[in-house]
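Worksheet for the structure shown next.
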Amino acid sequence: MALSRLEKAQAWLFRAVTSFFFMIFQLLSSPAASARKLPPVSNPLLLQSATQLAKKIRRKEVSSVEVVQAYIDRIQEVNPFVNAVVKDRFAAALQEAAQVDKLIEEETGGEDVLEDRLPLLGVPLSVKESYSLQGMPLSTGLVSRRGVVASVDAPPVALLKRAGAVPLGVTNTSELCMWLESHNHLYGMTCNPYDLERIAGGSSGGEGSILGAAGAVIGVGSDIGGSIRIPCFFNGVFGHKTTPGVVSCENQYPPTSGTQHEYLSSGPMCRYAEDLLPLLKIMAGPKAYKLSLNADVDLKKLRFFSIPHDGGSLYTYPVSKELLDAQEKVVKRLEADLGVKVQEVCFPELRYGFQIWDTYMGLPDEEGKPPLAFAELMGEPGRPAWAFWELLKRMVGKSEHTMPAIFLALFEKTHLSKPSPFIIQQKEALQKKMEELLGTDGVLLYPPHPRVAPKHHHPLFRPFDFTYTGILNILGLPVTQCPLGLGEEGLPLGVQVVAGKLQDHLTLAVALYLEKTFGGWRDPGAK
């Protein structure tokens, strides 16, 4: 369905206005600093999956202390470049690693007993700062929450610790986890390990960055609009947005309200695809059975589909040729290697992806109570922030809030009191089409973003490009973000792999295939 003349005019006006302000921004910006590059990985322990490390630790081929120390050394080496880890617990982690090694020495039941009871025993873990990790800060970059310390572990973190994982620290987010650049006035800006002048994504950008920099092997993130998948894409690692309602989202900040719990997912982030399934199995706890994670997947028996772009939204920019070509390469390899036919499909409702996401994020709960206003969260623990006043303060460098947070609070004021019936209709039509297409054996390829990781602050002028990930939150579908090597500028390429509800095991199986075919994560410090 082609855009109408009015829609074309609106799209042209929107892009003309944002391009004008972007030109002014570039004129006022300071010249770029000389290019710096991360040091390459030198310790071979950093080049093994969590699954492999756990096995070596159980077999006493390497100690947990050695592995934990290797990751501490790497974080200390790269964090001055990327600013991903905002608070560490290195001393406690080394003590816990020593206890792991003692436990293994005293274990009489053998390796199999340890693997069954403690599958991640001794393996280092990084945690997004918006998750409660006992004894660690829980601010999500809000200056007024400086000093707030978690008193408990969020359920997925507790389950990972119970499986033997050793947390090393917490990582940076965007302010209140509602922007695609991890930058706030409490911890500063997180950088992309492949190009320090580029963003790491958000809101799980600290996780994505430290994983991409080989300062972590596994981590946890949350995703309500792409907050796992965008950082994983920009930083060249794997991430999984779980079917909602399976992995607990309790004890995270900020809390959900309205119907937002239906769209928020917690999930694993990691450098190696083989770690996705065991991590998810642990994080899902008693609900893991819903995902059929033990089922064998024959890729040759799956039905594959590809959607190369959203059909021409008013708000999102076109997908770059580089990413279109990368997705087409996946299509050709699937057809050549598996003997399947990848069908290209088009859903015109995707053009309204941003409006759908924005509308559903604002719906009231079952009791008719609307979601908590973003300005209220910004003002926590006091009165709601006055967005116009914060904007004036920001212009003279006096506001504690970032420009994206202020803009979001201002944007909320433009919302209509009632949702558009047309947008509700578009979402319901898209939901029905997508569920009929995928069923229980369908897999869809979809771009994660219109372009590779942009430079710092540039998303301010293309704020709706997250729609490529956000629409899948509203549809409630499981998605695995997979790296596809590096592009022309040495930045990660990638693709979203989507399946029907509760069919997470299908996308995880495809992730293993794509890692083997396209090489997976690449060392950003390699020459």
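Note: Cβ is positioned from N, Cα and C throughout, glycine not excepted.
Heads up, TrEMBL stuff is auto-annotated, nobody curated it.
If you check TrEMBL, you get these features:
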{"type": "ACT_SITE", "residues": "K128", "note": "active site, charge relay system"}
{"type": "ACT_SITE", "residues": "S203", "note": "active site, charge relay system"}
{"type": "ACT_SITE", "residues": "S227", "note": "active site, acyl-ester intermediate"}
{"type": "DOMAIN", "residues": "66-508", "note": "domain 'Amidase'"}
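Note on S227 (active site, acyl-ester intermediate): other Cβ atoms within 10 Å of its Cβ, all shown chains, come to 36.
Across the domain 'Amidase' (66-508), the model assigns an average pLDDT of 97. Cα-Cα distance from S203 (active site, charge relay system) to the residue listed as 'active site, acyl-ester intermediate': 5 Å (rounded to the nearest whole number). Residues within less than 8 Å, Cβ to Cβ, of K128 (active site, charge relay system) and separated from it by at least 6 positions along the same chain comprise V170, T171, T173, S203, S204, G206, E207, G219, V220, G221, S222. All protein chains shown were included, and the count of other CB atoms within 10 Å of the CB of S203 (active site, charge relay system) stands at 34.
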